[in-house]
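What follows is one structure encoded as structure tokens, with my remarks underneath.
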Amino acid sequence: MRLLPRLLLLLLLVFPATVLFRGGPRGLLAVAQDLTEDEETVEDSIIEDEDDEAEVEEDEPTDLVEDKEEEDVSGEPEASPSADTTILFVKGEDFPANNIVKFLVGFTNKGTEDFIVESLDASFRYPQDYQFYIQNFTALPLNTVVPPQRQATFEYSFIPAEPMGGRPFGLVINLNYKDLNGNVFQDAVFNQTVTVIEREDGLDGETIFMYMFLAGLGLLVIVGLHQLLESRKRKRPIQKVEMGTSSQNDVDMSWIPQETLNQINKASPRRLPRKRAQKRSVGSDE
């Protein structure tokens with residue numbers, strides 16, 4: 001009975017080994033075949049991916065060419081080689097916020113045909129993307145004919161918004177014109193990044209309001225202190241002390257004539273005790 005568990009353990013160990021030895025090379029070949037088939041499928045998929053990438057790379061140049069052609073067709077009009085433009089800022093290239101900025105644009109016709117200058121416009125744009133408008137100013141209609149070998153000067157002014165102070169923006173100034181054949185041209189007279197300056201001189205609305213508020217607050221403090229002092233004075237009434245005349249020296253007798261003073265002094269001597277006693281005796285007799 002003790003040997004049965006040992007025999008069962010040996011059978012469990014020996015049986016799998018015999019199965020493996022019997023299957024031997026065939027089993028190994030089957031495993032190898034499966035591995036090779038998997039590798040072939042992986043290689044095929046890699047080759048297909050490379051072919052797809054090559055096709056995409058071949059298609060990309062054609063797409064870029066098409067995009068460039070579309071941009072050329074749908075792009076904005078360019079400047080004419082027969083015309084020149086110049087710009088001059090009246091107060092220098094300083095752009096104070098909430099203040100007028102003036103500039104002059106000169107147009108020179110170097111060709112043999114007339115040019116019709118239609119309009120002049122300006123706009124602030126996002127510095128990183130000039131297609132994004134921040135502030136678009138009103139276009140100035142001109143409709144001026146400039147003959148060949150002649151010049152013309154145009155004035156334009158705009159006011160940067162006050163909240164734009166202290167920030168950089170792209171300033172674009174365009175001059176739009178055409179020839180007698182109807183060909184439209186546009187010259188970017190100015191196309192640079194500028195900084196709008198915060199306005200420091202003068203008083204703005206916020207500063208005035210702050211001063212008015214401080215003045216009103218100071219007035220209220222003064223009125224409050226005055227009322228407080230008045231209330232304290234009312235709570236402590238002044239005690240009136242009656243001062244009598246202790247002697248004639250305290251009485252001003254200068255306004256009384258001297259004769260009258262002499263009579264008063266004679267008529268009001270101090271009564272003697274004898275006279276008082278006589279009066280008392282007379283009264284008792286009665």
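From the backbone N, Cα and C atoms, a Cβ is placed for every residue, glycine too.
Listed features, source Swiss-Prot:
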COMPBIAS  39-75  compositional bias 'Acidic residues'
COMPBIAS  268-279  compositional bias 'Basic residues'
CARBOHYD  N136  N-linked glycosylation site
CARBOHYD  N191  N-linked glycosylation site
MOD_RES   S247  phosphoserine
MOD_RES   T260  phosphothreonine
MOD_RES   S268  phosphoserine
REGION    39-83  region 'Disordered'
REGION    261-286  region 'Disordered'
TOPO_DOM  19-207  topological domain 'Lumenal'
TOPO_DOM  229-286  topological domain 'Cytoplasmic'
TRANSMEM  208-228  transmembrane segment
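Per-residue pLDDT, averaged over the topological domain 'Cytoplasmic' (229-286), rounds to 63. Secondary structure from DSSP puts T260 (phosphothreonine) in a helix.
The Cβ of the residue listed as 'phosphothreonine' has 10 other Cβ atoms within 10 Å, all protein chains considered. With a cut-off of 8 Å between CB atoms and residues at least 6 apart in sequence, the same chain places Y130, G170, L171, V172, I173 near N191 (N-linked glycosylation site), listed in sequence order.
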